[in-house]
Amino acid sequence: MADFIGAVDQGTTSTRFMIFDHGGNEVAKHQLEHEQILPRSGWVEHDPVEIWERTNSVMQNALRNGGLSGTDLAAIGITNQRETTVVWDPRTGRPYYNAIVWQDTRTDAIAANLERSGRGDVIRRKAGLPPATYFSGGKIQWILENVDGVREAAEQGHAVFGNTDSWVLWNLTGGPDGGIHATDVTNASRTMLMNLETLDWDDELLGFFGIPRGMLPTINPSSHPEAFGTTRTSRPLRAAVPITGVLGDQHAATVGQVCFSPGEAKNTYGTGNFLVLNTGTELVRSQHGLLTTVAYQFGDNPPVYALEGSIAVTGSAVQWLRDQMKIIKTAAESEELARTVEDNGGMYFVPAFSGLFAPYWRSDARGAIVGLARYNDNAHLARATLEAICYQSRDVVVAMEQDSSVHLDVLRVDGGVTANDLCMQIQADILGVPVSRPVVAETTALGAAYAAGLATGFWRHTDELRTHWSESRRWEPQWSEERRAQGYAGWKMAVERTLDWVKVPES
C-alpha cells in the first residue's frame, strides 16, 4: 500500500492540500488564497473556477514540496467550507453564477418568510436547522429565481447544485466527462433539505424552496471505499487515486480532534467559530439555539450526530482590524497590541457584521462598539475583539450545557486563531475551564485524511487515531468568578444593543 494520505481543505479564504503519514504527521502541504467578492453590503461570493484552479495548483505543489507523486497516495479526502453554494452546467462545467458563500445574507427575506409561514418548525424538526441565510437551501432558491435561465436549465437537467465539496469532487473525477456528482451526509445536513432521520433529500423541504430534486447530488457516508470514485489521470495528481472521505470542515475537525465519544467537543477558530459536541447515535434537538447536525458517518455504520454552535464572525473580526480599520498590519499583531492593556477598558465589540448566528439567530443585528470612552484606544479595541471571539463561544457553551446537560471539563481547540496565545488565555478565563491545543493544529485536513484512510484500511480503527492525538499547550483559567460574571454581564448588555438594527425585508 502507498505510504501517504492526501486531503483537500477547501476553506472560506483559501484552499490547501496536505499530505499525512501513518502517524497522522504532516509530510507536505501547499496553500493558496482566493478572492473574496463583495458586490453589495451583506453579499459574499467566490469564483468557483478560481477555487478549482487553486485546488489544481495546491495539489501539484504539495506533491512537489514533498518529493512525491500521485501514486504515493493511498487515498485522498475532501473537506470544505459548508453551505457555500455552487450551481453549474454539468455539460460544460461552467458555473451559472458565483458561489454564494455561507456568510452571505441576501436570502434574509426567504428565511423570514419561512418563519412567518410556519414552515420554520418543519425545517427544525426534519433538518435540525432554523431558517437562516447561513444554509444552502435559500441560496439555491435565490439563484433559481434571480439568474436568467437557471430555472429552465434545472428543469431540463442542465443545472446541478453542490457545495464546494461536490464541485471539487466532480472536477477531480472527470468534470463533464463522467464526473461524480455526490456529497456526504455532513454537507447535506447543512442545506435545510436533508431529513436527519432518513439521511435523504426530503420532498417536503424541497417544495418549500422550489428546488427540483434532480439538481441535487447523491448523499453518501463520510467515509466509504467506493462512493466517491477516483481521480482522473488527466487531473492534478496524474494518477487514479481513490477519493474515500468527504466531510464538511467542522465535521472533519471533530474527527481530527478524535471526538468520537458522546460528550466530547471541539471548538474551531477560523473565519468564524464552530463548537461541535458529539451526541452519539442519539439525535438531540436543541431548545436553545443550537443546530442539530450529522457529525459523521463511517461506512455502513449508523450516523453519529452532534450539536453545533456556529458563530459567523470571529477570526474575520481580526481581519477587519487589519483590512478596514488598519490598526494592525498582520493578524498576529492583534495579540501584541492587545497585550499592552490589562483589560478592555469597559469597551465591548460585538462583530455582528452579518447578523448573529448561534444561539441568537438574529439577521437584524449589526456590529457595535459600546461602552466607548475617550480613554479607550486601539489597544482596547484589539483586546475587545479577542474577547468578542471568546464571549461568543461562551454563549454557545452555555446553550450546549442547557441542551445536553454536559459540562465541559476541557475545551479542545484548533484553527488559525489558536496561534494567538492571549486569545486562548482569555477563552479559558471567560469559560472558567481549561483550553487545550493539540500538536497537529491542522485538524480539519487531518480529519478528512482520517475519514479517507479508515475507508481504505490505511488506519484500522478510531482507537488507532486516538493514539495520534497529543497536547501542545494548555491554558488554565486565571480570572476570579466575580470578574468572569461581570465581564459576561457586560457582554450580554452589548449584544442587546445590536438587535433590531436592520429591517428584514419581505419578499
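These residue numbers are counts, starting from 1, taken along the chain as shown.
Here the Cβ of each residue, glycine as well, is placed from N, Cα and C on the backbone.
Checking the candidates Thr12, Thr13, Thr330 against Swiss-Prot: the one annotated together with Arg82, Glu83, Tyr134, Asp249 at the sn-glycerol 3-phosphate site is Thr12. Among the binding-site residues listed here, namely Arg16, Thr271, Gln319, Asn420, Thr271 has its C-alpha nearest to that of Arg82 (sn-glycerol 3-phosphate binding site). DSSP classifies Arg16 (ADP binding site) as strand under the three-state reduction. All chains included, 17 other C-beta atoms sit within 10 angstroms of the C-beta of Gly416 (ADP binding site). Among the binding-site residues listed (Tyr134, Asp249, Thr271), Thr271 has its Cα nearest to the Cα of Gln319 (ATP binding site). The secondary structure of Asn420 (ADP binding site), as reduced to three states from DSSP, is coil rather than helix or strand.
Annotation for Glu83 (sn-glycerol 3-phosphate binding site): same-chain Cβ neighbours under 8 Å, separated by at least 6 residues, are Trp102, Tyr134, Phe135, Ser136, Lys139, Asn163, Arg190, Thr191. Excluding Arg82, Glu83, Tyr134, Asp249, Gln250, which define the glycerol site, the same chain contributes Gln81, Thr84, Trp102, Arg190, Gly248, Phe274, Ser310 within 8 Å (Cβ to the Cβ centroid), listed in sequence order.
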